[in-house]
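Presented below is the structure to which this report refers.
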Amino acid sequence: MQVLVLLLASVGTCLGLLVAAAAGTTPARPDPPSVLPIHRRQKRDWIWNQMHIDEEKNTSLPHYVGKIKSSVNRKNAKYVLKGESVGKVFRVREDTGDVYAFERLDREKIPEYHLTALVVDKNTNKNLESPSSFTIKVHDVNDNWPVFTHRLFNASVPEMSAVGTSVIRVTAVDADDPTVADHASVMYQILKGEEYFAIDGSGLIFTTTKTLDREMQAKYEIVVEARDAQGLRGESGTATVLVTLQDINDNFPIFTQPKYTFAVPEDIRVGSSLGSLFVEDPDEPQNRMTKYSIVQGEYRDTFTIETDPNHNEGIIKPMKPLDYEYIQQYIFTIEATDPTINLHYLSSVSIRKTARVIINVTDVDEPPNFKQSFYHFQLRENQKKPLIGSVLATDPDAARRSIGYSIRKTSDKGQFFRITKQGNIYNEKELDREIYPWYNLTVEAKELDSSGYPTGKESIVQVHIEIMDENDNPPEFAQPYEPRVCENAAQGKVVVQISAIDKDITPRDVKFKFSLTTEDSNFTLTDNHDNTANITVKYGQFDRERAKVHHLPVLISDNGRPSLTGTSTLVVTICKCNEHGEFTHCEEMAGQAGVSIQALVAIFLCILTITVITLLIFLRRRLRKQARAHGKSVPEIHEQLVTYDEEGGGEMDTTSYDVSVL
């Protein structure tokens, strides 16, 4: 034991020397007795106890914290504390260095305090030792219970969720020191709502049942407790969790009534609404996808049911016209389904998915109905007032009123036709297909009362009359020909090739025959048997001195029934030519210019007539103007002219009348 003490003393001495060497000082040696003492300041050390204090001590104040002590042993030394909490929270006894706390401390507010200790002279307050900083730590006591971060939590979860579906995680915080065992541990427990939900140690709330039905209960209130089981007080904190169930499509639509009855007029427009069907769907609007259909009855092609997406209603619309005289009542069964429903979560099966619909058609005074939507008649041209065809309209109502017919004045050439009271159509004049091949008439049918007056109900129908062709037009030249030939043309010279047309409908097998009306000319005609013919020089040269133009009548016959023959005149001009056969001089005839002598005479007569009428109007206006200037009316002047029968008075009588006025 003595050896161990000596060993420890040796180690302490060595450490002291090392510290002194590091500080640049040498350890003090005892002065020899013969040498006077030298005044040196010796290093002194603060002597500390462990500074700590428990929070929330229940003993009476002040509470002893610890002692500060220095190696200064002067009688005039005193201890002083400095710091923010000195005087209010902590104080020190000047003579002993005992430190006291004059307030109960709370670690959760201030876990430690930083102070400075001083040793000063009582008289001069000068430091006898260097100041020393130290810390007073407040030891934790498990005196706080967990507190939730929110008093109220909001969460949502889909209805019919599986067991164990997470809802929300709640968090509670314990203000105690977490480094001290179990001081900050939190335990969760559900106080309200535990039959539907549970919570684990991390604060996660989850479902414990799969029958959460929003339509039965849409919201749930859960009260959660957070407890500190190791706390001194055994207190706990609570929070409320409001859980809202999110809707899913798990309910069938249900008709609000087992039977729907509607009354509609028979003239309701096709495609318009005649009534609405209503259903109840407990699901939210975004999950209402009702589909309506007709399941029983033979009227699926008569009515359709469309879904109004805004109100989830079924709109019944007719797909074809209704007729009271044909069917007065429609009865059928309808069904409401939801094709988007999730059958896995189906909560219940509806017993009211079907309903009966009764539609009563009411009678309306309707206009006459034509038996056909339009009429097409054929009439041969040049016929004298035959029966073209008949139209027929009837009153669809039960009254069966009589009908009157007429042709609208706006019809195409309607003045050419008439219609009888029985609906028979006749033509008023002979018709020519080559002028108008078609006539389109609008025939009105008016409902008449018992007195024969129109009731205001009328209908119209289009009547198309096709004029059939008759072979009533002889063939003619296909175009205007202006043939020319040299006066010295050789025999057999082709002058022109001609062809023919017929204003009648030309069949594919039409055959035209060409011939000259006279052989007494220097021309001959050769039929090519392809509906063309060649005009050639018969003898040879022509004499321009005798005739510069030759008129050549050509007969053209067709093979129609009956066959018709027409005469077209070919005007051939004799021209001077050079040695190469090129025309050098030809006379231009009036007929060749395209205007006949008769047309020129007619134009001249028209111009003359217009000139005479204009002159008469001008003279009449001038006469009226001069009469007003002399204060006499035109009748008076005429009267004087008529009754003046005296013999002239010679030169002296020239002023009796103003000749200019006359």
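For all residues, glycine too, the Cβ spot is worked out from N, Cα and C.
So that you can see what the record holds, here are the features copied from TrEMBL:
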- 1-16: signal peptide (SIGNAL)
- 78-148: domain 'Cadherin' (DOMAIN)
- 149-255: domain 'Cadherin' (DOMAIN)
- 256-370: domain 'Cadherin' (DOMAIN)
- 371-477: domain 'Cadherin' (DOMAIN)
- 477-584: domain 'Cadherin' (DOMAIN)
- 599-619: transmembrane segment (TRANSMEM)
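Note on the domain 'Cadherin' (371-477): DSSP counts are 3 helix, 54 strand, 50 coil. Summed and averaged per residue, pLDDT over the domain 'Cadherin' (149-255) gives 84. Counting residues of the domain 'Cadherin' (149-255) by DSSP class, helix then strand then coil, yields 0 helix, 48 strand, 59 coil.
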